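Visitor: Quick one: the structure is below, and I'll ask about it shortly.
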Amino acid sequence: MLCRLASRSSRRNAIGLLAPLGCLASRQKHTLPDLPYDYGALQPHISAEIMQLHHSKHHATYVNNLNVAEEKYKEALAKGDVTAQVSLQPALKFNGGGHINHTIFWTNLSPNGGGEPTGELMEAIKRDFGSFANFKEKLTTVSVGVQGSGWGWLGFNKEQGRLQVSACSNQDPLQGTTGLIPLLGIDVWEHAYYLQYKNVRPDYLKAIWNVINWENVSSRYAACKK
């Protein structure tokens, strides 16, 4: 049974976070998006227990805290309280970033994933990294090297028209902090893998390539080139 924790309309609202978080004055509350697969669908590479906790607890907490922070920010705007507005920025960045990042992450994964991309995305990877193997090694190395918690990313540099790998700390959103358009994100917070892989992050990163949804990544690449 699929995890139907949000309506179709609320799922669209969550995906809309890939753009700016929206107008606070007339906003609707953010909601937890559905997963497009069962919690256990990514096994044995990512366990059902991890997926359930990651989605229904961790992501849900970011959504709830983001709604609270936005409501407080709206009140601060109405009062003209600049001090309160500034003090709320870290909560908006952290929880908003957590919502954005995870909304991308779930669609980047698939029980039918793995292998290598094809078409324009593969051509771009070969152009910008030399080969798929080189790209895979670079993104894995960047992700392993994140100190503490954060994300490894494949992004698109629209100004230069090329792909880049990057890392972000904590829940910093890729586009909002680097300008790169996010195509593929790998969550390297311990909650994404510790129950299964303990403190051996490289084993988790080796396994996750078996469930990467290259169709989704390719669609993101095609969209950001327009």
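Note that the numbers count up from 1, one per residue, in the order the chain is shown.
A Cβ is built for glycine as well, from the same backbone N, Cα and C atoms used for every other residue.
The domain 'Manganese/iron superoxide dismutase N-terminal' feature in TrEMBL is assigned to 29-110. The Mn(2+) binding site annotation in TrEMBL covers His54, His102, Asp187, His191. If you look up TrEMBL, you'll see 117-220 marked as domain 'Manganese/iron superoxide dismutase C-terminal'.
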Visitor: Can you check which residues sit near Asp187 (Mn(2+) binding site), meaning Cβ under 8 Å from its Cβ, same chain, 6 or more apart in sequence, and list them in order?
Guide: His54, Asn101, His102, Phe105, Trp151
Visitor: In the domain 'Manganese/iron superoxide dismutase N-terminal' (29-110), how many residues does DSSP call helix, how many strand, and how many coil?
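Guide: Helix, strand and coil residues of the domain 'Manganese/iron superoxide dismutase N-terminal' (29-110) number 59 helix, 1 strand, 22 coil.
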Visitor: So what's the average pLDDT for the domain 'Manganese/iron superoxide dismutase C-terminal' (117-220)?
Guide: 98
Visitor: Here are the binding-site residues: His54, His102, His191. Which has the lowest count of other Cβ atoms within 10 Å?
Guide: His191
Visitor: For the Mn(2+) site given as His54, His102, Asp187, His191, which other residues of the same chain have their Cβ within 8 Å of the site's Cβ centre?
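Guide: Other same-chain residues near the Mn(2+) site: His55, His58, His59, Phe105, Trp189, Ala192.
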Visitor: Per DSSP, how many helix, strand and coil residues does the domain 'Manganese/iron superoxide dismutase C-terminal' (117-220) have?
Guide: 54 helix, 24 strand, 26 coil
